[in-house]
Amino acid sequence: MEPKQTADARDSPPLLVFLEPAAEEVTAHTAPLSPNPQSARAAPGSAVRFFSDSAREEEAGEDEPLLKKSGPVSPRAARKGRTRLSSSSDRENMSGGHVGNGEFNVILDDLEFADIIHRAEQAIESGVFPERISQGSSGSYFVKDPKGKIIGVFKPKSEEPYGHLNPKWTKYFHKICCPCCFGRGCLVPNQGYLSEAGAYLVDEKLGLGVVPKTKVVWLVSETFNYSAIDRAKSRGKKYALEKVPKVGRKFHRIGLPPKVGSFQLFVDGYKEADYWLRKFETDPLPENTRKQLQCQFEKLVILDYVIRNTDRGNDNWLIRYDSQDDDELMEKGDDFPLKDWKEIKEPVIKIAAIDNGLAFPFKHPDEWRAYPFHWAWLPQAKVPFSQETRDLILPRISDMNFVQDLCEDLYELFKTDKGFDKATFEKQMSVMRGQILNLTQALKDGKTPIQLVQMPRVVVERSCSGSQGRIVQMSNAFTQTFHCRKPFFSSW
């Protein structure tokens, strides 16, 4: 990539029933699938970080760490190996002197990702700072390794489009000039970093493989946008440590406060989808490669639909197309041995779904804008879902235990946010369950992506008697409701 970056149906089969919408809002109760203990397994989640006691002190303008080191670790966290602990040496380092990035992220369940974060921290400590990305309406940064190579994209929570430290003025003018359309009324404000990590979690659970690895981490850099107060306090503490070491060593932290945000691995060789889609119109793909693209496209559709991405244009998903041009082969001429022609591989095409920070709404868009999926107008959206995609997805999402497991994993991720509200989270999951119900029906009926997005919008809420456990029992019921209110500007 270039640097751009209920009436309980106890006697009926245990299936969610897809209802046709009536003129008014319709409500029905359905019983889920029978328990399947094999599906109740742990799933990958986000990176979690535990601060040492001395590092918990909060400076003005930044969020304090939310996970406490003291107290018992939940069985779920212990089972998944998600616990992150700061060592005693970390506490000693934090109690005085300069605090490096290494004290903030100790990732135990993904050594490869931990190594990448470690290299990013080393680069920052050696003066190779993250570079702010000029595109977009928020503060996001290309993170580099000590050699200056881009290895990831970091999006701090405090610099999100509606964050208080957003360094770009686009949203400020939006708020002043058009306050009635400011923000997205269907989204939880300032949770974009969790949405990014949540999209990767959903992608991995469904086996899609289109979202680059994304987790929640903490980083510190001079190039991040800090308030004047934070920078002044940092300078004052450093000065005190230099002039009066006895006093300076008593500070809990020397330097700028860490920022929490999403860290997504950088993908090489990808370009914006718009670029390749235009090129494919004039230079059609070989049949096998076209099928590859269609399969990858269907995975993008499923991801966006399940998480109800409200910001999917053709400029924020990427395509990588590896092929050997005919001209390049002709240039080799006689120097290219005949036996090697048989070893020429077919072109490979891959899709990367980036920019997933505006997803997981707590209600369907029903105010000013519909926030449509822009891929719905592509020719690929008019082709029915392939059998390969149906075989991959249907066995998973047809099992309500799998869906419950997915909701539990998202809960473990989202609850780490300082402003987490369980009631709002349950509304987010109700929308997601409705999307999954529609997707299940569409795959069974052999519908196309465009027909999928035209299906009635559904919310599947947990009934009051429903259990909160991981294994869904037959007595657990969900209420299916059709959302009939449409936004003022609607595309379908």
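Easy rule for this one: first residue shown is 1, then count along the chain.
Cβ from N, Cα, C; glycine included.
Model, not experiment: these values are computed from the prediction.
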Taking 145-153, 253-261, 271-279, 442-450 as the choices, which stretch does Swiss-Prot tie to region 'Important for interaction with membranes'? 271-279
Quick test of your reading of Swiss-Prot: among 298-307, 368-377, where does it put region 'Important for interaction with membranes'? 368-377
Under Swiss-Prot, which of the candidate ranges 227-247, 332-352, 353-373, 458-478 is annotated region 'Activation loop'? 353-373
Taking DSSP helix as H, G and I and strand as E and B, the region 'Important for interaction with membranes' (271-279) has 7 helix, 2 strand, 0 coil
Residue counts in helix (H, G, I), strand (E, B) and coil for the region 'Important for interaction with membranes' (368-377), per DSSP? 4 helix, 1 strand, 5 coil
